[in-house]
Amino acid sequence: MKNDVISPEFDENGRPLRRIRSFVRRQGRLTKGQEHALENYWPVMGVEFSEAPVDFATLFGREAPVTLEIGFGMGASLVAMAKARPEQNFLGIEVHSPGVGACLASANEEGVENLRVMCHDAVEVLHKMIPDNSLSMVQLFFPDPWHKARHNKRRIVQVPFAELVLSKLKLGGVFHMATDWEAYAEHMLEVMSSIDGYKNLSESNDYVPRPESRPVTKFEQRGHRLGHGVWDLMFERVK
């Protein structure tokens, strides 16, 4: 697995030329299990970054709806979703190698075969590798809220990013976000509502109840016990 994660800067057209990162690169130390998974399962489930668009039918060995998850953490919920929906294909992107290793180990243990993972900046992957009109779902769960005002520009959900996601979704595809930071939820809602081509799937035109398809993470469970809220947003591509 190549170790060349970068996060380029957006230019005025939303292209990835930036040096402002939406993540802090915390590689951490690999456990023996994570290192074993990277060495043994990456050749099967890992996808190296490429300048060329990916062919999903070739990548997965079949034609099936593709869900892309950005920032899957340790991969527990992503593996659970892939296992629960074997008729679909899942591609996960995570910039921290311990999380990638943990996800690979879990997928192997659970016998999940419809999952592929990448260790690279998601913005560049979207621009370079994901074909337009190819995704059935894009998932972004609990991204860094960058809660200090001077850091708000680092939030991944900005108009250029949301427009980029829109271009990669099929007509009828859905962009599903979740955050436990209310101010970020409001920011997400403002950004998404400003873009022509998305339809808010909330009946109240704001947030949706957590769908059963999104597993509750340990982090989220701990937040519930502390009285923290969680906000889910789902927007469909309609044009």
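The backbone N, Cα and C atoms fix where each Cβ goes, and this holds for glycine too.
Residues annotated as S-adenosyl-L-methionine binding site in Swiss-Prot: E69, E94, D121, D144. Taken from Swiss-Prot, the feature active site covers D144, and the record attributes it to similarity to another entry. Here Swiss-Prot flags K148, D180, T217, K218, F219, E220 as substrate binding site, drawing on sequence analysis. What Swiss-Prot lists as region 'Interaction with RNA' is 150-155.
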Recorded substrate binding residues, K148, D180, T217, K218, F219, E220 - maximal Cα separation rounded to whole Å: 25
Using Cα positions only, nearest of the binding-site residues to E69 (S-adenosyl-L-methionine binding site) (K148, T217, K218, F219, E220): T217
K148 (substrate binding site): secondary structure state under DSSP, collapsed to three categories: coil
